[in-house]
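Q: What follows is a structure written as structure tokens; I'll ask about it next.
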Amino acid sequence: MYIHMKLFYPFLFILFVSSCQVRQSNQHTKKSQEFSQGAVVTAHPLASQIGVDILQQNGNVVDAAVAVQFALAVVYPNAGNIGGGGFMVYRDHSGETTSLDFREKAPGKAHRDMYLDKAGEPITDLSLDGQLAAGVPGSVAGMEEAHKKFGSLAWTTLLAPAIALAEQGFALTARQAKEFNAHQERFKRLNKNGAEIIRERPWRAGDIFIQKQLANTLKRIAEKGSAGFYTGETADLIVAEMKRGNGIISHADLKNYRAVWRQPIVGSYKNYSIISMPPPSSGGIALLALLQSVEKYPLQEWGFQSDSTVRAMVEAERRVYADRATHLGDPDFYNVPVAYLTNKAFNQERMKQVSLKKATPSDQVKAAKFPGYESEETTHFCIVDNKGNAVSLTTTLNGSYGAGVWVDGAGFLLNNEMDDFSVKPGTPNLYGLLGGKANAIQPEKRMLSAMSPTIVEENGKLKMVIGTPGGSTIITSVFQGILNVLEFDMDAQASVSAPRFHHQWKPDRIDVEEGAIATDIRQRLEKDGYTQYKRGNIGRMENIIVLPNGKLQVGADPRGDDFAAGY
Ligand code: DON
């Protein structure tokens with residue numbers, strides 16, 4: 001098996017072109033593909049194919065997810081990772097659900113003001129670039145935990161494809177070559193000892209990217225499980241990397257890291273059940289609150305991105321993000337009022353006061369008060385196996401290529417997830433998000449996330465597996481993806497291709513992607529107080545829909561190299 005993979009993967013890219021089982025969905029006009037047994041949608045064709053290979057070897061959905069997570073760490077270094085973290089939402093064919101939190105944690109030596117200067121002002125980029133930006137990575141512990149509970153194939157089988165890709169290399173897509181080149185200056189500045197991605201000659205599409213150090217790290221993980229990462233040689237290399245910069249992750253931090261199984265957020269929207277990620281992600285709570293907020297509006301009748309639809313969605317987003325900034329943080333450290341925030345009556349009552357004629361200025365919208373309470377780059381994949389088990393998994397280094405630091409000798413990138421904490425109340429993070437006490441830095445605490453891996457049921461049956469990267473826009477993108485299918489009759493491909501918009505309370509503006517919201521509607525919105533900001537791509541969403549005939553309809557976001565495969 002291992003030998004076979006080693007020989008096979010370097011040439012896999014070429015095989016894609018001729019493969020009839022794997023079909024690319026790269027244009028806006030592309031129709032949804034359908035598969036009958038299993039489907040895998042990820043940000044990279046090679047990772048999708050590896051997932052399908054595992055399913056075809058009789059692996060289950062979690063086996064495939066583990067193999068895909070490790071493969072993405074090799075072929076999609078922007079966000080695929082072993083040096084970051086993520087969340088997995090799982091639903092088995094009988095309807096049992098759970099979620100796995102393998103989010104990074106603040107190191108033991110972290111403290112509230114660690115990114116502030118003497119005058120109490122945030123030091124530019126300190127929580128984004130370099131060793132100090134990194135939280136204690138969670139991905140390897142997460143994969144081991146998922147495999148222990150649900151896996152059926154051998155751990156080494158799941159690591160083998162990633163090891164082969166790292167060792168033998170793989171052909172870069174045009175987009176990847178361009179991105180590698182665009183980041184060279186940052187990589188050189190942050191990696192004084194060099195890194196395999198750094199080279200003088202520009203990268204070109206089709207160049208083979210070999211990562212020997214990463215291959216060796218993956219081999220240690222294959223051999224020893226998470227101990228091959230959190231202890232021994234890899235841990236020594238991580239701690240040595242910390243000392244090369246201003247980092248504070250210690251051997252004890254690594255050794256003590258644990259992934260945590262959590263009760264997912266489950267709630268209803270009409271006759272659908274929404275199953276999504278609980279804190280320390282804000283995703284599940286905010287997504288459910290958004291859906292509940294718009295449930296009573298006749299969205300279907302109003303239509304996709306119609307004037308009223310946009311107003312209702314934006315006004316809901318403004319309020320839900322205000323609550324997010326105040327009430328959400330790591331539940332192990334902060335008492336998150338989950339029941340209040342996901343109470344349908346509360347969300348719907350609040351929307352009754354809202355005018356859809358004029359924008360409510362965000363300054364007039366304050367987070368709700370509850371009795372007893374004070375107060376771009378990530379990647380998503382969806383997998384369904386032939387038994388109907390489903391995984392929705394979002395994983396990240398936070399910014400593209402994380403902290404920009406490769407652990408020297410271990411060949412993987414450190415995350416810059418510490419920036420997801422509220423570095424200072426009132427100071428926006430990389431995504432413009434605000435926070436306060438709930439999400440202040442404390443040792444061992446998990447930073448708040450927006451990642452929203454989600455599964456939707458219809459009348460108790462699996463309906464949809466969906467998620468996306470996009471920082472603060474993740475929640476509103478998943479919100480739109482779900483409504484696109486449930487209200488606006490889109491198929492899987494259309495639901496992820498459709499242009500998107502976003503409001504996050506502050507800054508008080510609608511972010512509008514190219515092609516989103518018709519011009520005449522945008523003009524009316526402007527007149528009624530809705531400031532708009534035109535921007536580039538929002539997210540890279542993946543979606544698998546289970547059709548009434550049991551077929552799996554897949555949608556891979558055309559904004560990237562995203563790819564749907566199946567059999
Ligand atoms: O956990 C979060 O919410 C962020 N670290 C996600 C970052 C992200 O999605 C960047 N991708 N474009």
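Along the chain as shown, the residues are counted starting at 1.
A Cβ is built for glycine as well, from the same backbone N, Cα and C atoms used for every other residue.
TrEMBL annotations: computationally assigned, not manually curated.
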Q: Given that TrEMBL lists R103, T396, L397, N398, D420 as binding L-glutamate, which residue among G151, G467, G471 does it place in the same site?
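A: Candidate listed by TrEMBL for the same site: G471.
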Q: How far is it from N398 (L-glutamate binding site) to T378 (active site, nucleophile), counting Cα to Cα, in Å?
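A: With distance taken Cα to Cα, T378 (active site, nucleophile) is 6 Å from N398 (L-glutamate binding site).
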Q: Distance between L397 (L-glutamate binding site) and T378 (active site, nucleophile) at the Cα atoms, whole Å?
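A: The Cα atom of L397 (L-glutamate binding site) is 7 Å away from the Cα atom of T378 (active site, nucleophile).
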Q: Between C-alpha atoms, which of these binding-site residues comes nearest to T378 (active site, nucleophile): R103, T396, D420, G471?
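A: The answer is T396.
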Q: Please report the DSSP secondary structure of G471 (L-glutamate binding site), reduced to three states.
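A: The three-state answer is coil.
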Q: Is R103 (L-glutamate binding site) helix, strand or coil when read with DSSP?
A: coil
Q: Excluding near sequence neighbours, so keeping only residues 6 or more apart in the same chain, what lies with its CB under 8 A of D420 (L-glutamate binding site)?
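A: Those within reach of D420 (L-glutamate binding site), by Cβ under 8 Å and sequence separation of 6 or more, are N398, N429, N439, M447, L448, S449.
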